[in-house]
Structure formats: structure tokens, C-alpha cells
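These notes are about the structure you will find just below.
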């Protein structure tokens, strides 16, 4: 019987923001109004019952109330009180029992007809839809019939119950529609909040994946590439040591071989120290160590000189075109990482005799080119399993809105070029000192 929507003060629903709604659209406020209407309805029925009882006592000598009237009056009060003590609107038999008691009271006493008006609202509270309208119509007919039974037909006897029923229907049904709209609005808000929470969770997960990809690229471009360089240097040192022990070699050749071995070991130690610093900086989430306290050209020259690039362990040749100028920190960091990854790829895969790195400053953009004369490869072929160098370069350029161009063919060397567009606004990075053209110990042949 209780078909009206419930409006519990659920703790799961966040409180609406200030100014987000009024009492006309706030389900909690409407629920409080609904409960106050029930209290007022109970008080009105109690007042009318007391009024009927007092009228009966005052006119007892005239026989105004019969014993049957007193029984119906007591039955109505008891049944109504039992229902109100139950949760919600009482058991399913309660409303029919109240209407039956009202019918008996109204037919035995004209004062009982006054209970029809609060009963209209009681029906509209307890029953929804056309059932409520039908029950209000039945109560209206009962009220008109009992008035005619006690005092005959009159315009007031018909118009009074009809107008009362009409007012009750307009108020009750209007309030129910408002309540339904508020409930729908609250459910929509809950769905939006849940959707917003889902979007926030997806964003958090996407951020975690991006951070993992960034860390993987940083580790690949620093630790992995540094270990690869150390491996190549130690391999060259091992070969030089064998040459040094060759008895057929002259003393001068042995001395040169020993010096070369010492230099390669020293370079391997320096690369290991640089990688240790880079690892610590990755952990501390700082910018690339090569950029600390210096400008981009000097940092790139240091990167080129610190690692072997060619088949014989020589470093890459570095040059600068254009006028150096300060760049955004994220652009400088990306170019340093790309240079590290590209040089390591040349050393690991190209077996090149020459490798050149060129930084080019252009109006509104900056470019970095890494070119070698090694074995080359087919750019359209799938990369080997576990290869992340080129993928990391593309990912860094995509984050900066830049482009990556790879030109290579088997036996024809390789050229990797990255291009980053820049804003015309002045950069907030550190000022760039006049950058010298840095050269590797071995110029390209």
C-alpha cells in the first residue's frame, strides 16, 4: 500500500553544494516537509476526534451521540493510533480499516463527516496514482451521502466535500510530482558523482601508466644505455690487452696499446659514474644530470664525448647550427634523453665508422639529428623484442608536439631527426651562455 517514494537521509549521498538547489528540488528538504505534513495531519485528526467527543458530551441530554457513535469514535482512534505507531504508513489492512471506521462514524454522527478532509490527504500520502484518486472519490461520495442522510440534500452539502477533495488532490498530487522530480534529480546527481569518480579513477590509472612509461624511457636512455657503453668499452679494453701481450709487437706498439686500454677503462669508469648520478636523479625525479648547471649544447657535447658510438669505440662528433638560445626545460631534457638513446643504439646495432650529432636552432623550432654510416635497417620492419629506444623517442616527441623522422636502409646507415616547434614567447628556463662548438676527440672522416 505504501507506494510513495522514500527519502531517507542517506549518508552515502554527498551534501549538495551551496546554491545548488532549493527546498523545491532538494529531496532531503522535501522529505522533512512530508514528515511535517504527517504530523500536522495527525494533529488535525486528533482535534476533530476531540471535537466530536466534546460535542457528544455537551449534547448528551439531547441524544446527539448514540452508543454506536461512541464505539465508532473509539474504534477510529484506536485503529488510527495503531497504524501511526507502525513504520511508514502501517500494515496493508490499516487504511481500509480507517476508512471503514470513518464510514461508520459518519453515518452515526454528522460531526464525523469533518474527518473526510484530513482523510483525503491521508489517502494521497499512503496510495499513489489513480488508486489514490479513486479512493478520494469514494470518500467524497461517502461524505456527500452522510451529509444528505443527516440533513438532507443541499448545495453546500455537495460543494463542500467536492471542493475539499479538489484542493486535497491538487496539493497532494502536486507535492508527489515535486517529490518524484526531486528523487529523480537526486538519482541523476548520484550517477554523475559515480561517473565522475570513475573518470577520476581512470585518469589516475592513466597517469600511473604514463609515469611507468616515462620511468621506463628514462631508465632505458640512461642506465641501460650506460651499461651498454660500459660493455663496449670493456670489450675494446679486453681486445687492447690481448694486443698488449702479443710478443710479436714492438715496445712502442705495446705502450700505445696499454695507453689505449687505460683510456678505455677510464672512460668506462666515467660512464659508470655518470650513470650512477643519473640513477640517483631519476629516483629524485630531477632533470637529466647533463643539464645541471649548464646549457643544452654543452650538455649534448658532454653526452657525445662520454660514450662510445662507433665500432672502434670512438665517441660521436657533435656540432651546433644556428644561434643557441634558452629552451623550455622539458624540451632540453627530452633532447638530451633522445641523444643518449640514439648514440647507444648506434653503438649497439650500427657497427658504424662515423657518427655525428647536430643540434640546429631555427626560428620557432629546434632540431636534433643523429646520423651514422653503419649497417642500417628497414624502418618499416617490426622492432626486435624488447626494443624500446625508437618507441621512447616517439613518445617523448608526441608529448612535446614534435615529430620524428627516420631514414635508413640495409647497408646505407641511418639518420634520426627530431623536430620540436617552440612558442615565440620568451622561455622561463635558465639563460644560455654563449655555447662553444663542441667537438669529439675524433672528427668524422
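Don't overthink the numbers, they just go from 1 along the chain as shown.
Every residue gets a Cβ built from N, Cα and C, even glycine.
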Can you say which of 3-23, 129-149 is given as transmembrane segment in TrEMBL?
129-149
Could you check which of 36-58, 197-219 is flagged in TrEMBL as transmembrane segment?
36-58
Return the average pLDDT for the domain 'Histidine kinase/HSP90-like ATPase' (330-424) as a whole number.
87
Can you tell me which of 36-58, 93-117, 129-149, 155-175 gets the most C-beta pairs within less than 8 Å of the transmembrane segment (70-87)?
93-117
Sequence-remote partners of the transmembrane segment (155-175) [C-beta within less than 8 Å, at least six residues beyond its ends]:
30, 33-34, 37, 113, 116-117, 120-121, 124-125, 132-133, 136-137, 139-140, 143-144, 147-148
